[in-house]
Amino acid sequence: MVKTQRVVITPGEPAGIGPDLVVQLAQREWPVELVVCADATLLTDRAAMLGLPLTLRPYSPNSPAQPQTAGTLTLLPVALRESVTAGQLAIENGHYVVETLARACDGCLNGEFAALITGPVHKGVINDAGIPFTGHTEFFEERSQAKKVVMMLATEELRVALATTHLPLRDIADAITPALLHEVIAILHHDLRTKFGIAEPRILVCGLNPHAGEGGHMGTEEIDTIIPVLDELRAQGMKLNGPLPADTLFQPKYLDNADAVLAMYHDQGLPVLKYQGFGRGVNITLGLPFIRTSVDHGTALELAGRGEADVGSFITALNLAIKMIVNTQ
């Protein structure tokens, strides 16, 4: 890394395990400066509950970034709306969570931070606070005015991107259009090259229907939509294999010769990845004008403040973001 970079972290739902995980992250040295967008008392109280040392240093944007030393975090303060009891949701803190996301996103857009790592949020409490909220991915897409974003989850062994995300199953077929596939594959291909350092990405593409449509006998979306798009993009030089039946695609003879899989919908691709690497996975938002990674698990309210939360996914998300920073320099 040419110079030390700043990475901003949002712990997510304050009553959940996000603050625990951030405190655990602070127990080791990092080659980047970790700027945590959060309430100071929340972090120090959670550190005390866990019996872990934590010193908060003020964020100084005009000073050179410094590698993070063990037992410390750099704090960009955002005040809680209500006091927090670990494991107990408070509706007003839905506003607090969104404020942390907005500040972190804006800092990435204005060049303060090289990447953003997000902890788990509770979508229900944010919506209960009167803020329409579908998820991190959609929030950052809108705030950054990105034309289109793509959700990808990854472990060390497997990357799975989604053509559609949070749609009811009955709406998926209508959503799979030539325009959508062109856009999604272009973003996936571009970010695999620029953020992952893969010169010529090899992408496996799932069919939509069982057996990838069985030659049109089990649905015609492959023939009518997916195959023509893949043929066009192959003619432009992209290395695309598919559409392949999703029930047989996830095996070594295919995956060993691929850099990523494109699934047509959420529950087509993610169960395989989460079964293979739950707790080690990372959620990446492709298509944003900055690097964003996230844990692949929820708020786990019942574990908050107990010292039982596994920091593995957060560590993996941060390490991946650091690698992506290097690739983009």
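In case you wondered, yes, glycine gets a Cβ from its N, Cα and C as well.
Small disclaimer: the values here were computed from a predicted structure and weren't measured.
Binding of divalent metal cation is annotated in Swiss-Prot for H211, H266; the matching candidate from H95, H122, H136, H166 at the same site is H166. N283 (substrate binding site) and H166 (divalent metal cation binding site) have their C-alpha atoms 14 Å apart, to the nearest angstrom. Sequence-distant contacts (6 or more apart, same chain, Cβ under 8 Å) of H136 (substrate binding site) comprise L101, T118, V121, N283, T285, R292, S294. Ranking the binding-site residues H166, H266, R292 by the number of CB atoms within 10 A of their own CB puts R292 at the top. Counting in whole angstrom, T137 (substrate binding site) lies 10 from H166 (divalent metal cation binding site) by their C-alpha atoms.
A helical conformation is recorded for H266 (divalent metal cation binding site) in the three-state DSSP classification.
Taking the C-alpha positions, the distance from H266 (divalent metal cation binding site) to K274 (substrate binding site) comes to 12 Å. Across the structure, K274 (substrate binding site) and H211 (divalent metal cation binding site) place their CA atoms 22 angstrom apart.
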